[in-house]
Amino acid sequence: MSLLPTSQNQAGPSTSSETLHPHSKSDTALTSRQREKAPLRKNVDVDEIKFDDNDSDQEIDLIISQYLESRNIPTITQFWNENVLGMNDSREKKEWIEDVERCILDGDYSSIEGLISKPGLLKYQTQKSFLYLCWRQQFLEHVENRESQKAFNLLSKRLKPLEHYQPVPYDFYSLSYLTSASTVHDAPTFRDWAGVGPEREKLVAVWRELMGSERCDDSEKRYVAPDRLRTLLKQAAAWQISQVGHASDTGAVKIPTLLTDYRPLQLPDRLYHLIKGHTANVKCVDLIGSHGELGVSGASDSTLRIFSTEDYSTKHVLQGHTSRIWSCSTSDSGSLIASGSGDGSIRFWDVASGECMNVLYGDGGDVYSVKWRPGREDQVVSASYDRILRSWDIETSKQLRTFSGHSQSTLAVTFDYTGNMIASGSKDKHIRLWDAVGGTCIKNIPGCLGEITSVEFDQQGRYLLAGCKDNSNRLWDLRMQRNIYRYTGHQNTSKNLIRCSFAHDASLIIGGSEDGCIYLWEREGSSSISSSSMIAPDSKSLLPQQQIGTPSFYPPREKTMTTTDKTSIQTVRPLKVLEGHGEGSVFDVVWKDGRVLSAREDGLVGVWGT
């Protein structure tokens, strides 16, 4: 007899017909005439999909085993196969089987639980079912020997937790009835009870049948199609993509992450509003909060403004600086703003009230950049005119550490996501990486032909993006320790601090330009060509004359050209250009959750969207 329901599975690939997805490859292989005659198929909602719990769990276990084997992790694969799939044909396993039989015949039920849990003997659910039978046998023996107290304790402590593993309905109810009976035969269910010895022999027969079926399952391991896990993930992604109606010109769709549902990339293409209020050029902007419902801007009129990105109303005007605002940065919680100014001070503002909470005074001249340490609201780092970086403790208003090494003014600074590494850019055309705790310079990165106006790490700390005053933004792969992409098309040669940053989970680069446009590039550079075979055109040549005045356009893009020199830098042309600011530079651009803010030379802040 079998304790658990078994499914009949045959080895080898399935020959049954499968329902194809409307966007599957089989559809694309059909001719237009065949597709026209093909019956329409209804899209199925996720909630309508049902699995057989037992079979699906086993199949998932097999797929995981295949994936572990493909990753070439033998130790973990063997552990998974033995402890989850129950695949163990060693001599030790045979000894365990014989030990279980011996314990049943000797009535040593307390040792059985440890033996049947050995790796490779039984699956978890089968272990519990057989264990119920063992405790049941011991309970009946206690009743037969008139040991009512032992029987009651066994029923409440051992059998009750396994009640839902009973082999037939009301079996546990019958056992409970026997606690007040004189013999086993008093319960109708157990009138055929044959006595202790014969019943133990029956239990041994059940055990042998179980182990025979387990060995059969091992020898006839179910067929799993090659690379099944990735195939299922691709099918799930294809369904999600079909639901949002994405259409790809190239036929390939890149999935940025498996941890969240697919969301198509929607580039900003509309200038929703121009926020007024500043009386001089706007040098910096930032979005506040996880979704950017508020924004902050700093300008050469020595003020900062907090405004709504939804109704564009001004919430607070932050006054206190006596010179232009070079940099503003919001804390992770979105409750505080730090600002660096030409008056040499760093001020901290409360977003809710607009009040200045603290002021730090240094002796390094203009503060060109200030950034919060990730996960901390009591530490910032600043870059100053005197070539020195400073780490500050806000609560004590004291310098924690200084970082010296640049030969000219430091213009940009940032932390990586851990807060343990700092990157800085300078007028000396070098980028330096620093140990934030020890204060030592880890690496000096040359290679730019102009001043470094901005630096930023991606979320994983693998890439470093820098804006350079040589009409380029550059991307370094910190693991490979080399410059891999050079983003061109914009202008950055003469104006102070044209910045760039990552956007859309670091899959895009967005930056300002001296020609009054906002430029977007793909990080991986699908429109890139080898730097050894490209001469960068003037950015104005990208603007088609018949389209001047439109809010956005897509410049011509070129396919990637392979090169035999694998270490050459790939030059990437813009993915999209947003115009609408008119004359004057765009100094700073930030992107968060579909919202884009731009800082304009004419004193306005642009709010962009899709």
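Glycine residues also receive a Cβ, built from the backbone N, Cα and C atoms like all the rest.
Curation does not apply to TrEMBL; its annotations are automatic.
Just so it is clear, the model here is predicted, and its values are computed rather than measured.
Features reported for this protein in TrEMBL:
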- 1-19: compositional bias 'Polar residues' (COMPBIAS)
- 1-39: region 'Disordered' (REGION)
- 546-566: region 'Disordered' (REGION)
- 318-359: repeat 'WD' (REPEAT)
- 360-402: repeat 'WD' (REPEAT)
- 403-444: repeat 'WD' (REPEAT)
- 445-486: repeat 'WD' (REPEAT)
- 501-531: repeat 'WD' (REPEAT)
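Through the fold, the repeat 'WD' (501-531) approaches residues 256-257, 265, 267, 454, 456, 458-460, 463, 465, 467, 473, 475, 485-487, 489-495, 539-540, 557-563, 565, 568-579, 581-591, 596, 598-601, 608 of its own chain, all at least 6 residues removed from its boundaries and within a Cβ separation under 8 Å. For the repeat 'WD' (445-486), the number of residues in each DSSP class (helix H, G, I; strand E, B; coil) is 0 helix, 24 strand, 18 coil. Confidence in the repeat 'WD' (318-359), given as mean pLDDT, stands at 95. Here the repeat 'WD' (360-402) is broken down by DSSP into helix, strand and coil counts: 0 helix, 24 strand, 19 coil. Proximity of distant same-chain residues to the repeat 'WD' (360-402), defined by a Cβ-Cβ separation under 8 Å and at least 6 residues beyond the stretch ends, is recorded for 323, 326-333, 335-336, 338-342, 344-348, 408-419, 422, 424-426, 434, 436, 439, 454, 497. Summarised by DSSP class, the composition of the repeat 'WD' (501-531) is 1 helix, 15 strand, 15 coil.
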